[in-house]
Amino acid sequence: MEELEQGLLMQPWAWLQLAENSLLAKASITKHGYALLISDLQQVWHEQVDTLEVSQRAKELNKRLTAPPAAFLHHLDEVLRPLFKDSAHQDAAHPSKATFSCDRGEEVLILRVRSELSGLPFNWHFHCLPASSLLVSQHLICPLMGVSLALHSHVRELAALLRMKDLEIQAYQESGAVLSRGRLKTEPFEENSFLEQFMVEKLPEACAVGDGRPFAMNLQSLYVAVTKQQVQARQKHKGSGEPQTSSSTSPQGTDSQLQNQPEQQISPTPTLSEPECEPMAASGPVHRAQLVKAKRKKPRGLFS
């Protein structure tokens, strides 16, 4: 079942519009079974079954159909995959070959699927129970924290690029260059003012979750990239036998790494441990001169 769990983690969330409501869902289907996660933005639901359960449920729901579990799983994959793949572009012009309905009880969410298999009606019921806190953490909390940190880093890179562009424009102006089209003139980028304006004017619209569709439409590729990175980091630490404290998989580790980076960058001189300092102090003026020379050759930042 590890293949199913990892496959589910690597899938993006898809937006499903049903007659009753809309859902976010992700699924992983193999010849050994399937795993499904569903969320209505209030609760997360989960089901994972093997071939034995698939065979038993297929007999209960489709008495006229006889086929191996792999055939039913393949059909479910064919039914769900296009729906998930094109979730961002669902419209009346591209109706699904299957119909979906959803019933929610106190402790279970049932997603019903009606389709055709070999010319005969095929029904399937996904019986999803409330997901464990571990699953919610693996599929939502940790990936979304990773997405947030990635977007933050992206913004920082763009801000640095804008400052470089402003310096380039200033150099052109100082050399006598003049814009031929005044409408292209821009003011130098001021990050704090930009952030304040964004918080006031753009934030309410930008963070509107709605029914989850904007998230499924705009962040699928980044979500998958983040989860892939986290899976690879876990596999690396599992193979090495080390405790999982890497900054790539731990939000605290990532935050600590970001906090430590500026300290490393502004350090004026290399630090030496005591065993290394003592022989240098006792080695005479030649070694001291070499140390001074090394300090003079220390590279400086571009705008230092």
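Cβ atoms here come from the backbone N, Cα and C positions, even for glycine.
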What range among 133-175, 176-218 does Swiss-Prot record as coiled coil? 133-175
Do you know which of 41-51, 52-62, 74-84, 294-304 Swiss-Prot annotates as motif 'XLM'? 294-304
Between Leu120 (site 'Leu-lock') and Ser137 (phosphoserine), what is the CA-CA distance rounded to a whole number of Å? 40
In the region 'Globular head' (1-140), how many residues does DSSP assign to helix, to strand and to coil? 47 helix, 53 strand, 40 coil
